[in-house]
Amino acid sequence: MQKKYVVALDQGTTSSRAIVFDHDANIVSVSQREFTQLYPNPGWVEHDPMEIWASQSSVLVEVLARAGIHSDEVAAIGITNQRETTVIWEKATGKPIYNAIVWQCRRSSEICEQLKAQGLEEYVRENTGLLLDPYFSGTKIKWILDNVPNARAQAERGELLFGTIDTWLVWKLTEGKVHVTDPTNAARTMLFNIHSLTWDNKLLEALDIPLSLLPEVKPSCSVYGTTRIAGEGSEIQVAGMAGDQQAALFGQLCVEPGMAKNTYGTGCFLLMNTGTKAVRSNHGLLTTVAVGPKGEVNYALEGSVFMGGATIQWLRDELGLIRDASDTEYFASKVADTNGVYLVPAFVGLGAPYWDPNARGALFGLTRGANRNHIIRAALESIAYQSKDLLDAMTKDSGVSLKRLKVDGGAVANDFLMQFQADITDVEVLRPSVCETTALGAAFLAGLAVGFWESVIELEHKACIDKHFIPNIDAETRVRLYAGWQDAVARTRA
């Protein structure tokens, strides 16, 4: 039977999804299932790994059945996933010894402080590209080994396996035959040397993690094994894998140095490809691994904003200023400007490039003439200002001035926000026709690995742009508006 499709498994923080793409990179079928969020203690976040697998395997069956697609027609399955989330399971039984500790979980803060006391902060920064933070997998692994009865003894005997979610899914898909990850996910563990592209023995020793626990690291664009859908039909190749933000970067075909994408979700994730050069940031950004045009290792600068779409949720849920997120475009467009109002949405502190956990949200410039429309417009503009903060930091670190910014995520449907983003950054903003770029990136990697597509050049003909947003304000206005934002941020941090 002719191979007509590639399936992307998109395992996210709140739901598991499966998306079928045809040879023209069109979406044919989508299936999605949410799963349980567990909060056993303040600041702790967990998932049940078996529920993740159940939700992901069921949507894989559903997505094909819904479109009447036979498994024989599927060329490959690609994987993209929430990064950093940590699973440890028994090699013999495949049974997790503890719930998955989610990237948001802060329980290993004390372990991070111990590593800082040992003087490892600079070593971590230099060799992994990351900050010493509980966000990343390394300290989560140590917490499980230290706190689950008998776990450390089992690990020392080589009876346990660790994986981020990509590794866990491949293990389950291949029925325990393959224990593997890719460089983009390995680079988020805080255990991976991004220069030698190997596990870092000094960090493993510092955290007392046996090497036998860790998966083999294979290229993001390669075949890892085979699977059968629900144990039936012919074998399908499991091929192509990347963490969610790197998958989106590849899905946007940002495969050359200086190309960048911004994902507008709950927060914002801005990544810039820096090619074969790992650029160290002096402005609060992370240095991480990306995927090059032939599936090889490239590097990227990454910055994250905590409050993107979440700011709009606040307008809706806490202030009651809007009924739906899409209302913001209408209200923001009813006024010519914010009337001097700035919202700094530092509800949980400020992310890159400030990294100020003590900052708190504030509205500035309120006068008797300020109304609902001005506040809504200021909220939308705050997302663009924060993204400009990241973009300026990337320009300083990389020495590359961006000319075009590719965008994806839920908020890109808002034309007002996209136009203001172009205006305030003086950069052309490109919105793709297919905004499912994370899943598309996984599909591209899988399809390239098995020859479903020949090259990135072929893919460029399939990646259509829905709309170009051209900068439309003068330099003087841009400087004045951004100076107002910088002043508001400074006051928030005072």
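A Cβ is built for glycine as well, from the same backbone N, Cα and C atoms used for every other residue.
The local packing around G410 (ATP binding site), expressed as other Cβ atoms within 10 Å of its Cβ over all shown chains, amounts to 15. If you look up Swiss-Prot, you'll see T13, T14, S15, T266, G309, Q313, G410 marked as ATP binding site.
Sequence annotations record features per position, and here Swiss-Prot assigns sn-glycerol 3-phosphate binding site to T13, R83, E84, Y135, D244. A coil conformation is recorded for Y135 (sn-glycerol 3-phosphate binding site) in the three-state DSSP classification, outside any helix or strand.
For T13, R17, T266, G309, G410, N414, the entry in Swiss-Prot reads ADP binding site, with the evidence type sequence analysis. Annotation note: G309 (ATP binding site) sits in a helical segment as assigned by DSSP.
Taking Cβ-Cβ distances under 8 Å and a sequence gap of 6 or more within the same chain, the neighbours of Y135 (sn-glycerol 3-phosphate binding site) are E84, W103, Q104. The glycerol binding site annotation in Swiss-Prot covers R83, E84, Y135, D244, Q245 and is backed by sequence analysis.
Cβ neighbours within 10 Å of Q245 (glycerol binding site), excluding its own Cβ and spanning all shown chains: 23.
Note on proximity: of the binding-site residues R83, D244, Q245, the one nearest R17 (ADP binding site) is D244, by Cα distance. The binding-site residues listed here are T14, T266, N414; among them, N414 has the most other Cβ atoms within 10 Å of its own Cβ. When the Cα of G309 (ATP binding site) is compared against those of the binding-site residues R83, D244, Q245, N414, the shortest separation belongs to N414. With T13, T14, S15, T266, G309, Q313, G410 listed as the residues that bind ATP, the site has a largest C-alpha separation of 19 Å.
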